[in-house]
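Chemist: This is the structure I want to talk about, given as structure tokens.
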Amino acid sequence: MSAAATRRPEPAEDLSAAEQQAEKARGRVGVGLIVPGFVFLLLFFAAPVFVLLAMSLYARPPGAETGVFVPAFEVSNYVVALSEYWVPLLRSFLFAAIATVLALFIGYTMAYLVAVRLRQQKLLASILLVILIAPFFSSFVLRTQAWKQILSDEGFVVEVLRFVAILPEDGRLTATAFAVVAGLTYNFLPFMALPIYASLERLDTRLLEAAGDLYASPMTAFRKVTLPLSMPGVFAGTLLTFIPASGDYINATILGNNRDTAMIGQVIDSRFFKIVDYPTAAALSAVLMVIILILVMAYIRKFGTKELF
Amino acid sequence: MRLKQHMGRWLVPVLGGLAFVYLLVPIAYIFVFSFNDAGRTNLTWQGFTFSNWQNPCGAPNICDALGNSLSIAFVATIIATVLGTAIALGLARYKFRFRKLADILIILPLATPEVVLGASLLAQFLNLGWQLGYWTVVISHVTFCMAFVVVTVRARVSSLDGRLEEAAGDLYASPRTTFWKVTFPLLLPGIMAAALLSFAMSFDDFIIANFNSGTFDTFPKFIYVAATRGIPAQANVIGSGIFLIALAIVVVGTVISYRRQKALAAR
């Protein structure tokens, strides 16, 4: 449904005093509704981000114990953070981007199968939809650990791949970039498939019949009708996959866990808790956040639809 | 030509089917290995047993962690759903100044990776001098779930047919009556979906809880820490159990809506 259909009429100049009064009262109700949540977000989202930014400028006084910092304007934290960790930072975005593209293809196929191909077989479609939602309810960490064991050197998958010579005799899957990207793709697949499903489900299949009547090949009909109409879902899905994937470090830790697969989340976590170097960790977090915001904003500019933002 | 047509027909079902298998394999693995007679580490198949299912709390601390996670998810979901639904209604239905700013503040947590959210909340709690534990996790989960609630409920609000409310007004229902008798029941499925999503996300969250829980244990944290030594088979039992319960709820919901649709179609 379009926004226009539900939008209230603009207040006209010649509203009577009583109507103006009513409009004001409505406004007060609206403010009353959003204020509690708004205050919560100011206290526990906006303020924390500012505290984090401030912390990224803290300095360690000479001779202080581990973990002791004082407020300062130490910009060099950023220099240290970026010069030491630009590789995991770039790798995070690269892995997240690959996982997002893979999840887009896989998730689109799944959503298309359920929402368009199986539209007449309601029961089968419902079952597949349940499977699509199912991963939400089994633990993320536990599933990732299961992946590690499935891909392990003694596992069935590696043995088969070695047998058919896709993997060399001593080849392995765990502790590789492949395993990390496969884990990211797997873990965020429902976040991609569900929004696409939601927009494909609303697709009027008569449009496809009409395209066929006008001699469009199925491929052309897909490209010119289905795909454009599912763009809001694709848009939401890519954001819901890319953003969490670029900050995730469960996959990188469990499935990779070596220098060549380290993602930035791992670095931030260990800077905070193992090395107790808050300023560098905060600087890295700030950099991560700013880059993602820039990427997301550019993406929304380019592909954004009214339905979302 | 024939071949191309065949491919066109079967490509989507085959690839889609494979994708569904991909999605299910780890879940099936967790389920199968919950019956493993494994002892302390559940890495290789040792033989079939029911004993893990008979005693899911057998591994030390596992059920405490589970209880903590359930309790946090429950409390955080209630707070996030109430605050988020109110915001969704306020933003969708009323005009006021600073609306654009409010919009941005509410959507921004969605564009913030969990690790940054966790780190900034930790910085805030350290700054306030608060003890890390149960309540700091609850607060951080409310922050992280609220944006999802707002987006989900708002989609529902904007797809409501405003004429129904006008009709109620024409029939002399007060705004309050209209809200509780017309608007709220229509929004309820959206609110329930948002609450379910929020519960699942809070229950499953590791990263934010890891930053803000101190020594307090949640279920994902328990598994993450145990992973370095080998996860006990009881974790697979609990994972499978939650999965089966959730599956039952989803199946019942799907069957109900499937029947309703059929009944509507039959009319």
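In case you wondered, yes, glycine gets a Cβ from its N, Cα and C as well.
Computed from a predicted structure; not experimentally measured.
From TrEMBL, for reference:
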- B:12-35: transmembrane segment (TRANSMEM)
- B:66-256: domain 'ABC transmembrane type-1' (DOMAIN)
- B:70-92: transmembrane segment (TRANSMEM)
- B:104-126: transmembrane segment (TRANSMEM)
- B:132-153: transmembrane segment (TRANSMEM)
- B:182-203: transmembrane segment (TRANSMEM)
- B:237-258: transmembrane segment (TRANSMEM)
Chemist: With Cβ-Cβ distances below 8 Å as the criterion, list the same-chain residues six or more beyond the ends of the transmembrane segment (B:182-203) that contact it, or say none.
Modeler: 69-70, 72-74, 76-77, 80-81, 84-85, 141, 144-145, 148-149, 152-153, 155-157, 160, 164-165, 168, 173, 219, 242, 246
Chemist: Please figure out which one of B:12-35, B:132-153, B:237-258 racks up the most CB pairs under 8 Å against the transmembrane segment (B:70-92).
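Modeler: Looking only at B:12-35, B:132-153, B:237-258, the most contacts with the transmembrane segment (B:70-92) come from B:132-153.
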Chemist: Can you tell me which parts of the same chain pack against the transmembrane segment (B:237-258), counting only residues 6+ beyond its ends and a CB-CB cutoff under 8 A?
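Modeler: The answer is 27, 30-31, 34, 52-53, 56, 62, 66, 200, 203, 219.
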